[in-house]
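Pulled from TrEMBL:
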REGION    1-22  region 'Disordered'
REGION    34-99  region 'Disordered'
COMPBIAS  34-84  compositional bias 'Basic and acidic residues'
COMPBIAS  85-95  compositional bias 'Basic residues'
ZN_FING   100-128  zinc finger
DOMAIN    100-128  domain 'C3H1-type'
ZN_FING   141-166  zinc finger
DOMAIN    141-166  domain 'C3H1-type'
REGION    216-253  region 'Disordered'
COMPBIAS  224-244  compositional bias 'Polar residues'
Amino acid sequence: METAEEVNVSKGADVAAKGEAAIKSEFLTTKDKFHGLLDSESQGSKREKASESDTVDDSKETSLEEPEPKRLKQNFEGRPDGKRLRGQNKSRPHTKPTAYDEKRLCHSIIQNKECPFGAKCFFDHDIVKYMDSKPPDIGETCHIYETFGKCAYGLSCRFAKAHTTPDFKSMEKADLVKVYEGRTMVKNNMSKELQGRLRKRSVSFEKSEKYLKTLSDNKDKGAQQGNAGENQPVSTEVQTSSDKQPAPVKTVGPLTDADVIKLRPCEKKQVDFQDKLYLAPLTTCGNLPFRRVCKRFGADITCGEMAMCTNLLQGHQSEWALLRRHESEDVFGIQVEGSFPDTMTRCAELINNNTEVDFVDINSGCPIDLVYNKGGGCGLMTRTRKFERIVKGMNYVLDVPLTVKIRTGVQEKSNIAHKLIPEMKNWGVSMITLHGRSREQRYTKLADWDYITTCAKLASPIPLFGNGDILSYEDAMKAKETGVSGIMIARGALIKPWIFTEIKESRHWDISSSERLDILKDFSNFGLEHWGSDTRGVERTRTFLLEWLSFLCRYIPVGLLERVPQKINERPPYYMGRNYLETLMASQNVEDWIRISEMLLGPVPKNFEFLPKHKANSYK
């Protein structure tokens with residue numbers, strides 16, 4: 001007797017379940033058949049690899065007849081109900097990259113230097129012993145060596161044989177080394193000197209202190225006016241007297257205009273935001289390698305992941321890593337989050353003096369509880385007094401444009417963005433991005449583009465970018481008709497990063513599975529450049545690749561769709577691709593994502609475990 005799922009498949013795509021994408025009937029299948037195909041292919045490939053090995057013993061040959069499927073090492077015994085882990089990362093397994101290294105070679109040995117710690121050094125100094133215990137190489141060629149002429153990871157590289165002599169000496173390609181000599185590929189790295197000053201709280205914030213003193217003085221004036229029964233508004237602008245003569249400027253050599261003339265607000269660096277495609281700042285997945293992939297496909301504006309202003313001020317290395325900028329990112333911004341004028345203003349001055357950016361963005365649209373409950377993110381939208389002080393303070397200390405990202409509101413049926421936008425124009429904001437959902441909605445309903453249209457008219461002449469539910473060039477064309485200055489793309493870029501090419505060329509791209517695998521290869525190579533080609537770097541790259549695959553699996557090839565284009569709120573049913581790789585890429589099972597990662601980054605370590613951040617039940 002046929003199951004309900006099989007009946008739907010036999011009737012075709014016209015009776016697709018509510019919320020599912022319509023796929024041609026010849027490609028539809030059932031869950032059991034889908035996973036049966038993938039499991040059979042996986043076990044077959046394992047048998048072929050085992051048969052090619054001459055060192056397999058009889059016991060192993062016997063076990064290969066019915067190999068056990070790979071399972072994640074999830075431990076549910078500690079939970080009283082024995083259920084799988086769910087929720088907002090409350091019990092998400094976290095394995096440090098250092099856990100994958102049984103022994104690590106001393107960095108001084110890799111650089112052919114004398115170790116300053118000598119016999120007290122915690123790391124391994126015996127090269128022969130280290131090479132014997134080191135995991136086998138992943139591939140025969142090292143991307144870093146082939147691109148830059150030398151690999152900084154030397155013997156610890158997981159592709160070390162490509163650039164190591166038999167006597168364990170590292171090789172170099174002099175011509176390539178000369179090309180990249182003195183060239184800074186990645187900017188905005190925090191120096192040890194700056195980190196030390198931040199931790200000692202010895203960094204000077206002259207502009208910020210001047211602005212904050214004005215706030216304090218105005219607060220005192222407001223209290224005095226309140227005691228006197230006056231109801232006059234108190235200005236938050238920094239007062240400057242034109243009557244006072246500027247102090248004499250001490251110079252060596254001739255006196256120039258730049259020595260005595262300060263930058264005025266109208267003379268700040270300008271960015272042309274009009275008609276640009278903006279890759280949204282994406283937590284976890286919007287890392288530097290992913291942004292490089294999107295730049296190749298035509299993204300005009302990129303922005304780093306959301307950074308906490310307090311962590312930046314404290315010199316946290318992990319937070320400063322979010323500010324890094326690749327040389328290919330020609331229009332690049334930094335997004336910061338905070339809830340107080342003093343920390344946000346100081347953070348803006350810190351960024352202004354120590355990084356190379358084209359604009360700074362305030363995240364006043366973050367919906368997560370951790371941020372909202374502290375008054376940040378969406379919480380700023382309901383605290384306009386504090387929001388105004390933050391915007392004006394940051395604008396005062398920055399030499400680059402200040403932008404703001406907001407939502408329609410906090411409650412689902414109570415939009416407030418249209419009230420805030422006219423005020424932001426007076427605060428000095430250079431651009432506004434509006435996500436067409438409230439905090440309570442999250443992704444449960446479609447973005448309200450009619451409301452975005454209304455807000456775009458209110459924002460004029462300041463640019464307003466619209467954001468929400470764009471997955472094809474047709475969606476982008478409809479969005480542009482609303483009168484927005486540009487489009488921000490978030491989930492659409494994660495599901496199909498080539499969406500920027502589709503929009504610019506006004507076409508649907510029926511991209512093949514081999515082309516999609518090449519994109520993943522590029523990401524892996526960029527990840528090895530960014531995080532390293534040693535075991536730690538490889539596993540970190542794998543982790544971020546798996547996070548991205550939790551979105552990529554939602555893409556349905558154009559050639560399989562009954563109705564083009566795919567909508568972002570339609571979930572894909574079980575279907576067979578046009579080849580095995582296309583079917584594998586359609587799987588929403590984390591074990592199949594690990595298989596894809598092993599094609600690019602070799603086998604996972606024995607103690608490897610992974611639970612996706614954005615898809616907590618995908619391993620079931």
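Placement of Cβ uses the backbone N, Cα and C atoms for every residue, glycine included.
Automatic prediction, not curation, is the source of TrEMBL annotations.
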Residues of the parent chain within Cβ reach of the domain 'C3H1-type' (100-128), under 8 Å, 6 or more residues beyond its termini: 134, 152-156, 168, 534-536, 539, 605, 607-608
Stretch-averaged pLDDT - the domain 'C3H1-type' (100-128): 83
Number of helical, extended and coil residues in the zinc finger (100-128), per DSSP: 10 helix, 2 strand, 17 coil
Helix, strand and coil counts within the zinc finger (141-166) (DSSP): 13 helix, 1 strand, 12 coil
